[in-house]
Amino acid sequence: MKTKAAVLHSAGKPFEIEELELDGPREGEVLIKYTAAGLCHSDLHLIDNDLVPRFPIVGGHEGAGVIEDVGPGVTKVKPGDHVVCSFIPNCGTCRYCATGRSNLCDMGATILDGGMPDGSFRFHRGGTDYGAMCMLGTFSERATISQHSVVKVDDWLPLETAVLVGCGVPTGWASANYAGGVRAGDTCVVYGIGGIGINAVQGAAHAGAANVIAVDPVAFKREKALELGATHAFASADEAAAKVAELTWGQMADQALITVGTVVEQVVTDAFNVIGKGGTVVITGLANPEKLTVHLSGGVMTLFEKTVKGTLFGSANPQYDIVRLLRLYQAGHVKLDELVTKRYSLEEVNEGYQDLRDGKNIRGVIMHSAD
């Protein structure tokens with residue numbers, strides 16, 4: 001079958017809209033028709049050469065849609081089911097899934113290769129195999145993906161809203177609640193109010209933090225943070241640190257969550273300095289794995305029992321927390337509709353990412369055609 005998709009052929013180049021051949025589902029696979037796809041900063045890391053995939057690759061790792069067909073052996077979903085995709089597949093049987101850390105599932109080891117778990121590909125053009133970002137390729141009208149990459153959701157939920165819980169919302173929310181361990185009465189600082197950071201703010205507020213301090217140079221993002229749970233918002237780390245010292249009588253913050261688009265050494269240092277004794281720094285944002293971005297005092301870490309940790313997907317469980325967050329949304333405890341700044345067509349994908357770079361949107365969403 002044919003499908004229209006936004007494709008990257010190399011780093012430093014924009015997405016190109018192409019018509020590709022798409023294979024049908026094999027054993028354990030499903031055919032999905034995407035309704036919506038989120039514009040997440042992680043795809044920009046491919047363009048900026050921070051993450052190096054196998055090219056060419058269909059972009060997009062945040063998606064929601066309807067199952068159109070299933071291959072042999074599929075038991076999780078059936079045609080007609082509404083699903084949200086998880087950019088981390090969950091096999092359920094590897095060491096990490098079996099010990100409750102499904103966000104680290106071994107199937108995720110090849111998500112940048114773009115192929116299926118067996119190394120084969122489902123997108124093709126002119127004899128060339130095309131990969132799919134995180135084995136999903138949500139910037140395509142349709143895709144054939146693993147059943148382990150989908151989570152069934154209630155069919156009365158609007159998919160253009162549910163799509164947000166595929167990556168940014170759970171990653172941010174869980175960075176506060178799980179990785180950060182925010183508790184009622186805590187002081188939590190969030191650096192970077194984008195698609196992940198705004199949800200770290202929501203997560204910290206939901207956990208009952210007394211002070212949720214947002215740091216971002218963009219004024220409208222600070223305003224949105226205050227709207228969705230932040231108690232204070234500042235343009236710089238220095239301003240935030242001064243306020244933390246004032247609010248806590250010098251005790252400093254309990255958590256500092258780094259949710260900037262690209263992690264650099266300075267923001268890690270700022271976060272380390274803003275936490276007090278027993279405090280935790282959570283690094284959620286990405287950077288080029290070959291670059292060193294942490295340079296801290298081991299002595300201070302020991303004497304003050306400070307913790308610096310990384311987290312993938314906020315240490316959440318995709319199969320459980322995607323559904324959980326949608327229930328919280330329906331109950332009014334998590335805001336989703338308010339996150340979307342603008343919706344784009346597939347052909348406007350590059351415009352959407354330029355808006356993201358320019359700080360014009362918190363969450364952009366691609367709406368696929370209904371055909």
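Easy rule for this one: first residue shown is 1, then count along the chain.
From the backbone N, Cα and C atoms, a Cβ is placed for every residue, glycine too.
Note that this is a predicted model, so its numbers are computed, not measured.
Marked as Zn(2+) 1 binding site by Swiss-Prot on the basis of similarity to another entry: CYS40, HIS61, CYS167. CYS40 (Zn(2+) 1 binding site): 28 other CB atoms within 10 A of its CB, across all protein chains. CYS40 (Zn(2+) 1 binding site) falls within neither a helix nor a strand when secondary structure is assigned with DSSP, and so counts as coil.
DSSP assigns CYS97 (Zn(2+) 2 binding site) to a helical segment in the three-state reduction. Among the features that Swiss-Prot reports, Zn(2+) 2 binding site is placed at CYS91, CYS94, CYS97, CYS105, with the record citing similarity to another entry.
Fewest other C-beta atoms within 10 Å: among the binding-site residues HIS61, CYS91, CYS167, that description fits CYS91. Rounded to a whole number, the distance between the Cα atoms of CYS167 (Zn(2+) 1 binding site) and CYS105 (Zn(2+) 2 binding site) is 15 Å.
Within 10 Å of the C-beta of CYS105 (Zn(2+) 2 binding site) we count 21 further C-beta atoms, all protein chains included.
Burial estimate for the binding-site residues (CYS94, CYS97): highest at CYS97, by number of other CB atoms within 10 Å. Note: the CA-CA distance between CYS167 (Zn(2+) 1 binding site) and CYS97 (Zn(2+) 2 binding site) rounds to 18 Å. Between the CA atoms of CYS94 (Zn(2+) 2 binding site) and CYS40 (Zn(2+) 1 binding site) there is a gap of 28 Å. Of the recorded residues, CYS97 (Zn(2+) 2 binding site) and HIS61 (Zn(2+) 1 binding site) place their C-alpha atoms 21 Å from one another.
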